[in-house]
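Visitor: Once you've had a glance at the structure underneath, I'll fire off some questions.
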Amino acid sequence: MAHVNNYLLVTLLLISIYGYMGKNFVTVFYGIPAWKNASIPLFCATRNRDTWGTVQCLPDNDDYTEIQLNITEAFDAWDNTVTDQATKDVWSLFETSIKPCVKLTPLCVTMKCNKTWSSASKETTTSSASLRSSTQTLLNEDSKCIQNDSCAGIGLEEMIDCQFKMTGLKRDESKQYKDTWYKQDLVCEKGTRSNESKCYIKTCNTSIIQESCDKHYWDSLRFRYCAPPGFALLRCNDTKYSGFMPNCSKVVVSLYRMMETQTSTWFGFNGTRAENRTYIYWHGKDNRTIISLNSYYNLTMHCKRPGNKMVVPIRTVSGILFHSQPINKRPKQAWCWFKGNWTEAIQEVKETIKNHPRYSGTTNISQIRLAEHARSSDPEVRYMWTNCRGEFLYCNMTFFLNWVENRTGLKRNYASCHIRQIVNTWHKIGRNVYLPPREGELSCNSTVTSLIANIDWIDKNLTNITVSAEVSELYKLELGDYKLVEITPIGFAPTSIKRYSSVTPRNKRGVLVLGFLGFLATAGSAMGAASLTLSAQSRTLLAGIVQQQQQLVDVVKRQQELLRLTVWGTKNLQARVTAIEKYLKDQAQLNSWGCAFRQVCHTTVPWVNESLKPDWNNMTWQQWERQVRFLDANITKLLEEAQIQQEKNMYELQKLNQWDIFSNWFDFTSWMAYIRLGLYIVIGIVVLRIAIYIIQMLARLRKGYRPVFSSPPSYTQQIPIRKDRGQPANEETEEGGGNNEGYRSWPWQIEYIHFPIRQLRDLLIWLYSGCRTLLSKTFQTLQPVLQPLRLPPAYLRYGISWFQEAIQAAARAAGETLASAARTSWGVLRRAAGEIIAIPRRIRQGAELALL
C-alpha cells in the first residue's frame, strides 16, 4: 500500500509540473510582416513640369522599388478601392482642367428657327452616293486629301439657324440675336410658316449646365499613386490574371506604375499596360470586359480639325456672355484616321476571347464580330467619344468597323468627327456646356492600347463584341492588378514564457537597411524565422515612416504655393499625417498593454484558445493573423485588464517600498496621514465620552436622581460601599459608626466609566462565544468532508520525508564511500612515496654491502 501511495504522489507531482510547464501565455510581437485591406486616400506624383498637372500632384522622384514575395493574395479589379479612387481622382483632374464654372441659365426662350439641311451640298451628295458602294479607302501621311483637307466622307451635321430676342444691357429694350445649333440639341414645334419653327434648348432648365470660364487644354498627363507611410501596394504578378484571382502571386511596391489620364469611350489611348500580347480583364459577375491590345501591331489614331474658325460672343444680360459660332459648310468638324495592323489585331482579340476560361460561346471566329450600340443610345455610346486638346470629338465609326470586319459597304480607315459644346458627363449623370472650339488648326496623336466592350452571346451561333462607353473600365485595366493594404505590425501568439521570467538571449542578426519596403521582405518566411528579425523590422518600419514623411514634407514645402487652392493639394497634405498618426496609435496601444517600445513582449495573460497554436516552422505571420483575427478583441481586452491590475500592484508596492529609505521616516508629509488619523481617533473618543455622559445623565433623570442640579459640594459626596456584607468585627451602634476601613468612597462620576466598559465587555464576550460556537459547528460539519482531503497532503508529506531520507541516505553512503576511497588512496600514495624516498637509502646500503 505504501508503494501505491508513493506512485500516486509522484504521478501528482509530474502532472502538476507538466500543467504548469505546458501552459501558454499571450505574447505580443511588434514588427511582424502582416497586413489587411485598406481604403485610405492616396496621393499622386508626376514628372510633368509644364502643364496643369504640376499643381495637382507632387513631383515624381522615380523611386520605383519592387520586392518579390513568396505568398498569395486575392485580387479583384472591380471590387477594388484603388480603381474606384482612380476614377474619382481622374474626374477631379478632368474637371480642374476644363471645368465649367459659370451657370448657364439664359437662352431658355422661344427661338424662331429656319432649318438649313446641309445634305443639299455637293460634298454630302457625293458622300451619300459613295455609301452605296463597297469601295475601300485607306489614308496615310502622304495622302493628298490630308494636305488639302478634302477627304471624302466627312459627314455634315444637320444645323438650324435661329433668331431670338433677349434683354441686353438695356433692360427696357430687347435685342435680336442669331445663333446656330445642332438639330439634336433643340426641341422644335411647327410654326405658322412652312420654313419656320419654334425651338427651345433641350437642357435650358438643367441647373448643372454650365459654361466654361476660359478655354483650357487637356494635355496628356501621366501620374502614379503613392501609398502613405505605414501602407503598401501589392501587385499581382501572374500573367494569367484576368481581373479576378483568389490566389495570386504578387510583389510589394512603393507606388503604382505610371497611369494615363486619357478619357474616351470605345478605345483606351496611351495606356501603360500594353504588352506584346492580347489579354482580357473580365468582370467576375457579368459580361463587362476591358481588352488590352497587342502592342506588336502599332495601333494608332491621328485626329485633325481644319482651321479658319471664328467665335462670336453674345451678351445676353449684363455681365454674362454666351459664345456662339457662325454657320458655315463644316461647322465644328474634324476627322481621325487609324494606322497599324487593325485586322490582325482584332483577329487576335477574337482568338483570345475564344480561349478565355469565362467564355462559353461559339468557337467559330467568323461568328465573333465587333459591333456597335443602337442609334437610340447616348452620343457617347453611339459614337466614339474622346478629348483632343480640350475639344470633345464624337466620331462615327461605321466606316471603320466595315474596314476592320471586312463587311459590305464603304470601308475606310478613318472616321468623321464632330465637336460638341453640350457634353454628357462620364462620371456622374449630368451635362456640361463648354465654349465653342478655338480658332486655328487642331490635331492630336494617340496610341490605341485597349478596347472597352461587353461580350454577349445568346447561343453557340453568334457572339457580339459590343463596344462600351464605360470610361471607368480604363482604370480597371490600368490599376486592377494592384491593391492597397495597411501594415498591421502588432501580432499575438502563444508562448510558454511568462512576463518577468528569464529568457535565453537570442543571437543577433545583422540589420540590412532595405528602406520601408524591406519591412515586408520576410512576409513569405515562417513565423519563427520572421520573429528573429523583429528588432530590425520595427526599426525599418519607423525609419521608413520617417524617411517618407521627410520626403513628403520636402516636396510639399516646394509646392506649397501651387498647392494652396487645389483639392489634390489638400489630399497630399492629408496623406502626410496619416502614417505618423498610425504609428502613434500603435505605440499607444502597446503602451496600454505595458509593451511600449518592445519588439517581443511576454505577458501574464493566459492564451485564450489552447487548441489554436501556430506552426512556427511552416506558417507565415499573414496566415496566422487570418486564423486569430477573431480573437483580437478578446485578447486586447484581457491585456488591458492585466495591465491595469499590474499598475495597481506596482502602485501598492511602491507605497510599501518608500519606507525602505531611512530619510523617508523623517519626511513630515509621510506622517501627516498618521497624525490626521490620530486626531480623528482622539476626537472620536471625546465625542463618545460626551455621548455616554449624556445617555447616563438622561437615565438617572428618569430614575429621579439629579446630581447635576445639586449644590457644588454634592459633587464630592461619598457613596458608602461595603467591603464585607457579613457581620462587622467590632460591635458598635449605628450612631457610633464603625470601622472606616470597612468602606470605600467612590465619586459618582466613576460609574459613567464603568457603564461603557461593562457594555463593551458584555459585547465582546457575546461575540467571542458566538464565533466560537459558529466555528465549532462549522468544524463539526466539515469534519467528514475534510477527512478524505487530509490523505493527499499526508501522502505528499510522507513522500517528501521519504525522498529526503533517501537523499540523506545516499549522501551518507556517498560520503562513506568517498572517505574509504580517500583513506585507501592516501595509504597507497604514502607507501609509494615511502618506497620512492627509500631508493637512495637502498642504493647506499647496496653499495656498502658491495664494498664490504
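Note: Cβ is positioned from N, Cα and C throughout, glycine not excepted.
Keep in mind the model is a prediction, meaning the values are calculated, not measured.
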Visitor: Among 234-256, 280-302, 395-417, indicate the range for which Swiss-Prot gives the feature region 'V4'.
Guide: 395-417
Visitor: Swiss-Prot tags one of 461-467, 468-474, 636-642, 811-817 as region 'V5' - which one?
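Guide: Comparing 461-467, 468-474, 636-642, 811-817 with Swiss-Prot, region 'V5' matches 461-467.
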Visitor: Quick one: which of C57, C101 does Swiss-Prot link to C44 by a disulfide?
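Guide: Disulfide partner per Swiss-Prot record: C57.
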Visitor: Given a Cβ distance threshold of under 8 angstroms, which distant residues of the chain, six or more beyond its ends, lie next to the coiled coil (622-648)?
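Guide: Those are 26, 28, 32-35, 71, 488, 491-493, 523, 527, 589, 592-594, 603-605, 608-609, 612, 614, in sequence order.
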Visitor: At a 10 Å cut-off from the C-beta of N298 (N-linked glycosylation site), count the other C-beta atoms across all protein chains.
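Guide: Other Cβ atoms found within 10 Å: 12.
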Visitor: Quick one: of the glycosylation sites N396, N406, N618, which has its CA closest to the CA of N237 (N-linked glycosylation site)?
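Guide: It is N618, whose Cα lies nearest.
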Visitor: Nearest to N114 (N-linked glycosylation site) by Cα, among N195, N298, N406, N618 (glycosylation sites)?
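Guide: For N114 (N-linked glycosylation site), the closest Cα among N195, N298, N406, N618 is found at N195.
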Visitor: Return the residue, from the listed glycosylation sites N37, N237, N247, N396, N618, with the maximum count of other C-beta atoms within 10 angstroms of its C-beta.
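Guide: When each Cβ's neighbours within 10 Å are tallied, N396 tops the list.
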Visitor: Can you tell me how far the Cα of N37 (N-linked glycosylation site) sits from the Cα of N247 (N-linked glycosylation site), in Å?
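Guide: That comes out at 15 Å between the alpha carbons.
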